[in-house]
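Asker: One structure coming up, written as structure tokens, with questions to follow.
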Amino acid sequence: MPDAPSIPPATGAPARAEIGVIGGSGLYALLDDVTEVTVQTPYGPPSDSVFLGEVAGRSVAFLPRHGRGHTLPPHRINYRANLWALHSLGVRQVLGPCAVGGLRTEYGPGTLLVPDQFVDRTLGRAQTFYDGLPLPDGSLPEVVHVSMADPYCPDGRRAALAAARANAWEPVDGGTLVVIEGPRFSTRAESRWFTANGWSVVGMTGHPEAVLARELGLCYTSLALVTDLDAGVETGEGVTHAEVLEVFARNVDRLRTVLFKAVADLPAARDCVCSHALDGLETGLAGVPEPPAAG
Ligand SMILES: [Zn+2]
């Protein structure tokens with residue numbers, strides 16, 4: 001457990017944002033005119049600085065999931081620090097674009113899928129804020145079990161789907177994202193097994209990101225960009241990282257456009273399942289900082 005105390009982000013003008021975007025492989029910057037802030041958390045540093053900017057009058061915090069130079073593999077990302085950092089800046093709605101492999105031949109490269117379920121196949125990642133261990137500030141999280149029956153925000157999913165359609169990019173509405181530990185890709189047998197289970201796409205970062213968002217009462221929406229057919233459904237040599245990045249690069253502009261539109265259309269007031277995830281629960285997370293007052 002890192003020993004950095006929880007401290008407010010940055011100095012000077014209050015740094016805050018209402019909407020967070022966690023950019024995956026190939027998406028290391030979102031906005032041109034940004035304020036870079038360093039945020040510390042009780043869990044150590046997030047993947048990178050947080051970049052604050054504005055889209056359609058909405059304040060946005062962008063965080064490159066793998067670091068801006070893609071230095072962090074999926075299993076070493078400090079997911080708790082990332083979600084905590086966004087929350088501490090005032091973020092209450094998170095969009096999580098990610099690169100995935102298609103588990104069905106019809107989900108080829110360039111497919112945009114907005115999942116409604118995930119399956120966790122990761123190993124040993126820190127995946128909860130409620131592990132019963134005291135935080136450096138002395139607060140002690142209670143043992144809390146949040147509902148994950150429907151892991152993604154219904155309002156966020158609606159906004160993402162509509163944003164894709166508005167940009168003539170017909171998305172796949174729903175499906176199951178299998179999250180593997182990585183950094184290696186699946187074997188053909190694993191991949192065929194995922195497909196046989198009826199799952200849709202496979203990635204490495206969707207868990208525990210969605211869980212941790214829910215544990216803080218944040219809305220979380222996954223936008224899965226298919227960069228390749230996974231090993232079980234393709235017939236070539238298998239996936240390479242270079243291929244993933246190449247397909248992502250080809251689609252990153254329209255993904256950014258979709259993200260901007262989704263940000264613009266997210267409801268300003270929340271009344272979704274995520275916003276009520278902690279209702280009536282005593283979390284003990286006194287260390288969850290309230291966002292600084294707008295000023
Ligand atoms: Zn929500």
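Note: Cβ is positioned from N, Cα and C throughout, glycine not excepted.
What TrEMBL says about a protein is an automatic prediction, not a curated fact.
Okay, these came from TrEMBL:
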DOMAIN    18-263  domain 'Nucleoside phosphorylase'
BINDING   SER25, ARG65, HIS66, THR205  phosphate binding site
SITE      SER186  site 'Important for substrate specificity'
BINDING   MET204, ASP228, LEU229, ASP230  substrate binding site
SITE      HIS241  site 'Important for substrate specificity'
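Give me the lay of the land around each of these features.
Answerer: Here the Cβ of HIS66 (phosphate binding site) has 22 other Cβ atoms within 10 Å, regardless of which shown protein chain they belong to.
Secondary structure at SER186 (site 'Important for substrate specificity'), as computed by DSSP, is coil. Annotation for SER186 (site 'Important for substrate specificity'): same-chain Cβ neighbours under 8 Å, separated by at least 6 residues, are GLY101, ILE180, PHE194, VAL202, ASP230, ALA231, GLY232.
MET204 (substrate binding site) falls within neither a helix nor a strand when secondary structure is assigned with DSSP, and so counts as coil.
Under the DSSP three-state reduction, HIS241 (site 'Important for substrate specificity') is assigned to helix. Counting only residues at least six positions away in the same chain, no Cβ atom sits under 8 Å from the Cβ of HIS241 (site 'Important for substrate specificity').
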Asker: When a 10 Å sphere is centred on the Cβ of ASP228 (substrate binding site), how many other Cβ atoms does it contain?
Answerer: 23
Asker: Show, in sequence order, which residues other than SER25, ARG65, HIS66, THR205 on the same chain lie with their Cβ within 8 Å of the centre of the Cβ atoms of the phosphate site.
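Answerer: Output for this site, in sequence order: ILE22, GLY23, GLY24, PRO64, HIS70, LEU72, PRO74, ILE77, CYS98, ALA99, MET204.
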Asker: Compare the Cα of HIS66 (phosphate binding site) against each of the binding-site residues MET204, ASP228, LEU229 and report the nearest.
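Answerer: Closest by Cα: MET204.
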